[in-house]
Amino acid sequence: MSLFPSLPLLLLSMVAASYSETVTCEDAQKTCPAVIACSSPGINGFPGKDGRDGTKGEKGEPGQGLRGLQGPPGKLGPPGNPGPSGSPGPKGQKGDPGKSPDGDSSLAASERKALQTEMARIKKWLTFSLGKQVGNKFFLTNGEIMTFEKVKALCVKFQASVATPRNAAENGAIRNLIKEEAFLGITDEKTEGQFVDLTGNRLTYTNWNEGEPNNAGSDEDCVLLLKNGQWNDVPCSTSHLAVCEFPI
């Protein structure tokens, strides 16, 4: 049997195999549907080389790292404003009455009584030697002669006021106390002719001498108690006996 008659057929098979690698199955069917049939897909090749780095992406959110150690305490800050007062608490229960030794109580009462007795004796001595008492007033003089302003200062120093009779009994007590003319706590310095006491109250009792007050020297703003018990207006700058009154 000769090989030559099959040679054309072998060449045709090689050409068909080579052509099938360069065309798709669909194209081959279109060109030669009756001669060549499509073969199965070939084996995958090796992976290609890595491509170039892409563009830099946007910054991501910070990740949750490990919690660090607790730091040292900071400096003490300034004190805050005081808060509002709290509501009052409930009322407590009534306590038991206190007890004091009977000896201390009786001793205090005894000392108080002795002191009161001594004060009463001193008051009598003062009344007998230097002063006069009428009702709840005690009139006292130190025998000094001075201006009206100094008399006021002297009486205030001893928590008293310049003697101011409110009735005939007080006026007579002051008259019996003095041996010479004395200032009274009465003036018309603010309003001429309107005599008031040192607190600004108008007088409810007067005992002016005949023809007084007359403001003879145009500056007679103070009042004297004369030896006869009557009153006379005089300048406050003159000097006369100081008499103070003490409430008791």
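First residue shown is number 1, and so on along the chain.
Every residue, even glycine, has its Cβ placed from backbone N, Cα and C.
The signal peptide annotation in Swiss-Prot covers 1-20.
Annotation source Swiss-Prot lists domain 'Collagen-like' at 42-99.
Taken from Swiss-Prot, the feature region 'Disordered' applies to 43-113.
Marked as 4-hydroxyproline by Swiss-Prot: Pro47 (among others). The Cβ neighbour count for Pro47 (4-hydroxyproline), using a 10 Å radius and every protein chain shown, is 6. Under the DSSP three-state reduction, Pro47 (4-hydroxyproline) is assigned to coil, being neither helix nor strand.
Long-range neighbours of the compositional bias 'Basic and acidic residues' (49-61) within the same chain, counting only residues 6 or more positions beyond its ends whose Cβ lies under 8 Å from a Cβ of the stretch, are absent. Taken from Swiss-Prot, the feature compositional bias 'Basic and acidic residues' covers 49-61 (among others).
Among the features that Swiss-Prot reports, 4-hydroxyproline is placed at Pro73 (among others), with the record citing similarity to another entry. Long-range Cβ proximity for Pro73 (4-hydroxyproline), meaning a same-chain Cβ under 8 A and a gap of 6 or more residues, is found for none. A coil conformation is recorded for Pro73 (4-hydroxyproline) in the three-state DSSP classification, outside any helix or strand.
Taken from Swiss-Prot, the feature compositional bias 'Pro residues' applies to 75-87.
The DSSP secondary structure for Pro79 (4-hydroxyproline) is coil. Summarising the annotation, Swiss-Prot assigns 4-hydroxyproline to Pro79 (among others) and lists similarity to another entry as the type of evidence.
Here Swiss-Prot flags Pro82 (among others) as 4-hydroxyproline, drawing on similarity to another entry. Cβ environment of Pro82 (4-hydroxyproline): no same-chain residue six or more positions apart lies under 8 Å away.
Per Swiss-Prot, the feature 4-hydroxyproline maps to Pro88 (among others); the stated evidence is similarity to another entry. Counting only same-chain residues at least 6 apart in sequence, none has a Cβ under 8 Å from the Cβ of Pro88 (4-hydroxyproline).
Summarising the annotation, Swiss-Prot assigns compositional bias 'Basic and acidic residues' to 93-102 (among others).
For 112-130, the entry in Swiss-Prot reads coiled coil, with the evidence type similarity to another entry.
Note on the domain 'C-type lectin' (134-245): mean pLDDT across this stretch is 94. Here Swiss-Prot flags 134-245 as domain 'C-type lectin', drawing on sequence analysis.
Under DSSP, Cys155 (disulfide bond) is assigned to a helix (H, G or I) in the three-state scheme. Sequence-distant neighbours of Cys155 (disulfide bond) (same chain, six or more apart, CB under 8 Å from its CB) are Ser161, Val162, Ala242, Cys244, Glu245, listed in sequence order. Per Swiss-Prot, the feature disulfide bond maps to Cys155-Cys244 (among others).
The DSSP secondary structure for Cys236 (disulfide bond) is coil. Listed in sequence order, Thr147, Phe148, Glu149, Thr187, Glu189, Asp219, Asp221, Cys222 are the same-chain residues at least 6 apart in sequence whose CB falls under 8 Å from the CB of Cys236 (disulfide bond). Here Swiss-Prot flags Cys222-Cys236 (among others) as disulfide bond, drawing on sequence analysis.
Cα spacing between Pro79 (4-hydroxyproline) and Pro47 (4-hydroxyproline): 73 Å, rounded to the nearest whole number. Cys244 (disulfide bond) falls within a strand when secondary structure is assigned with DSSP.
Mapped onto three states, the DSSP output places Cys222 (disulfide bond) in strand.
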